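Below is one structure; the comments refer to it alone.
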């Protein structure tokens, strides 16, 4: 059974029979984990083992584990700083900022790979315009060249640990005040003005970025649809103009920014038709079941091949990782850097 185009979430710290049934549906392809799914390192490792044993090829397992306000797993994991901390270090010393970003990318990815997570939806490529509260210090910097530089080094660290990177939120969520979890933001800037926000994505595509997540934001001077449902953005700009050949993941279809596209099956069909390879349905298992049953078309073979490249590689066991000099050095350096509050931001 090949990977399907739907990524689902779980209710708790162990699989229920209903979840087992949903995850073996031919249209299921992945699982996204949240803080509610984490109790301890041992529990998480066992949960991942169960998920991986459900089918072949194994389901993708993802998490939002950026650091700062967005870090799903806590006890036992390194407390990671917000991306803005690397931008601050970069402003003082470019080389140190780059090295810290690379080290944090490796540390985040190595710890997740050690428990069986395939990838994190990171790094954030949005610009720190000082407008968006939901982005805020999740962005590396206000300068697109600096964002691209730091994100490149962060991604290289992830890759060294055996993890593919997913940049978000194309073509840029940093220029709107509204939070797309709560409303449908509208960006009224001209295409020329948006170029600065797109630049980090363009650079990262050239550097070999494996995945991209579009924003549930309308860029009204370009297209009337939110970017995650827009063939203008996903096929015209991202695939054709930027030459992106990796995976396009929708943002969560349960967000308010997706409601304009109809019911959940309609949202999923619209996102896939526009160019997404996989759609996320979170916090509404009954709607996830509807989406799975509503997608009649066979998965796109090209999308299946893209998704297969998102599986993690080279994972060490937790003991092997924490015994390594590289982990001990990276953890000490990153712990000394971090001063951000750790809280759950529902993104």
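Using the three backbone atoms N, Cα and C, a Cβ is placed for every residue, glycine included.
Noted in Swiss-Prot for the protein shown:
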ACT_SITE  181  active site, proton donor/acceptor
ACT_SITE  251  active site, nucleophile
BINDING   64, 72, 138, 168, 169  substrate binding site
SITE      179  site 'Important for catalytic activity'
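Note: the Cα of residue 72 (substrate binding site) and the Cα of residue 179 (site 'Important for catalytic activity') are spaced 20 Å from each other.
Packing around the residue listed as 'active site, nucleophile' is summarised by its Cβ count: 28 other Cβ atoms lie within 10 angstroms of its Cβ, all protein chains included.
Taken residue by residue with DSSP, residue 251 (active site, nucleophile) is part of a strand. According to its DSSP assignment, residue 179 (site 'Important for catalytic activity') is coil. Note: residue 138 (substrate binding site) has non-local neighbours 66, 68, 69, 70, 82, 83, 84, 124, 126, i.e. same-chain residues 6+ apart with C-beta under 8 A of its own C-beta.
Considering other CB atoms within 10 Å as the measure, the emptiest surroundings among the binding-site residues 72, 168, 169 are those of 72. Using a 10 Å Cα-Cα cut-off around residue 251 (active site, nucleophile), the recorded positions 64, 168, 179 reduce to 168.
Residue 169 (substrate binding site) falls within a strand segment according to DSSP. DSSP gives residue 72 (substrate binding site) a coil state; it is part of no helix or strand.
In the three-state DSSP reading, residue 64 (substrate binding site) counts as coil. Contacts of residue 179 (site 'Important for catalytic activity') defined by a Cβ separation under 8 A and a same-chain sequence distance of 6+ are given as 132, 133, 134, 185, in order along the sequence. Just so you know, of the recorded positions 64, 181, the Cβ with the fewest other Cβ atoms around it within 10 Å is the one at 181. Taking only the Cα positions, the spacing between residue 64 (substrate binding site) and residue 181 (active site, proton donor/acceptor) is 15 angstrom.
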